[in-house]
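Here's the structure we're looking at; comments come further down.
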Amino acid sequence: MASFTEINAITISLILILSFTLPTSTSAQQQCDSASTGGCHDKAKSLQLKLIAIFSILVASMIGVCLPLFSRAIPALMPDRDLFVVIKAFASGVILATGYMHVLPDSFNDLMSDCLPINPWKKFPFTTFVAMLSALLTLMIDSFAMSYYKKHGFDRKGGGVDGEKVNNGERGLGNVENGGAHVGHCHGFNGGANDKDSMLLRNRVVAQVLEIGIVVHSVVIGLSMGASNNPCTIRPLIAALCFHQLFEGMGLGGCILQAEYGMKIKAILVFFFSTTTPFGIVLGIGLSNVYSESSPTALIVVGLLNASSAGLLNYMALVDLLAADFMGPKLQDSMRLQAWSFIAVLLGAGGMSLMAKWA
């Protein structure tokens, strides 16, 4: 399974690739650059909005991802409570809509841009092809990681379970007898109370894979905002991205909580999620003089990365998050809780879809 160092390497590699996507000097490129501004260009005003965005998005991200981690201190938000399940269903809907309504359309826009040659970019649906391959690759990582660690074992101390023996029942995923181990959208495992190790491992695999997809997407959208000098685009993006990061963070935070990591690993995951979008904005500001989001290289790289992120997020949302919850015993035993969870999913997905009007 990918380590957090590897997640950092993926982010840095993405940044280095995009840093060298210089705009071309052709008249066609100049027309693309002009069209991308939409007649609204104010560098000073854009910089002010970007600085506001950095602080606002950072705070919203930290609040969102940390809320589930402190839920044990609030009885109503304990992982074995119905309210916690409903809230996480809402967050799952947000993640699902992020993939389908934000990331995937962005990839279509990039790879079908008039700034790219007709052949091959308009002759073949690269966005859906790459998204499909990404979903299959995510399934492979999911499957192989589980098989590998089941066969060779995994380091519980390194994984941050405070050195306690999960298989001895000294530490589980909540009160297993009361169904706590089956709560939430991150388990994706249908074993019984004797499979605590497998469920814990499954939670950790899901948390790390989901983090990778979110980090890649966050850097891309941060870089795009930071490189833009269009205040008409940036202004509505700030509110939309704050909403996005808040509830996407809740979904990721729920997964981190159920992975039962120690404080060090939790802090690393929270740090990466909270800072990648602001860091992307800062990088975009620094590269704004040489980076053009409408250059062919940038369109291709960003489009393919968005397609990969969309495939990963869609798979995770449907398979590891929503299906794992709704097919699990807690929701299957309560039609009332199922109904409220479906409503929560629709509200989360609907709200995030509405944000697509501005973001």
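Heads up, the Cβ atoms here are built off N, Cα and C, so glycines get one too.
Here is what TrEMBL records for this protein:
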{"type": "SIGNAL", "residues": "1-28", "note": "signal peptide"}
{"type": "TRANSMEM", "residues": "52-71", "note": "transmembrane segment"}
{"type": "TRANSMEM", "residues": "83-104", "note": "transmembrane segment"}
{"type": "TRANSMEM", "residues": "124-149", "note": "transmembrane segment"}
{"type": "TRANSMEM", "residues": "205-225", "note": "transmembrane segment"}
{"type": "TRANSMEM", "residues": "237-257", "note": "transmembrane segment"}
{"type": "TRANSMEM", "residues": "269-291", "note": "transmembrane segment"}
{"type": "TRANSMEM", "residues": "297-318", "note": "transmembrane segment"}
{"type": "TRANSMEM", "residues": "339-358", "note": "transmembrane segment"}
Return the stretch with the most CB pairs under 8 A relative to the transmembrane segment (83-104), choosing among 124-149, 237-257, 269-291. 237-257
Where among 52-71, 124-149, 237-257, 297-318 do we find the most Cβ pairs under 8 Å to the transmembrane segment (339-358)? 237-257
Long-range environment of the transmembrane segment (237-257) - Cβ separation under 8 angstroms, sequence gap at least 6: 49, 52-53, 56-57, 60-69, 71, 79, 84, 87-88, 90-92, 94-95, 98, 102, 184-186, 203, 206-207, 210-211, 214, 218, 221, 225, 266, 269-270, 273-274, 277, 321, 348, 351-352, 355, 358-359
For the transmembrane segment (52-71), could you work out the same-chain residues 6 or more beyond its ends whose Cβ comes under 8 Å from its Cβ atoms? 77-79, 84, 88, 222, 225, 234, 237-238, 241-243, 245-250, 252-254, 256-257, 266, 269-270, 273-275, 277-278, 281-282
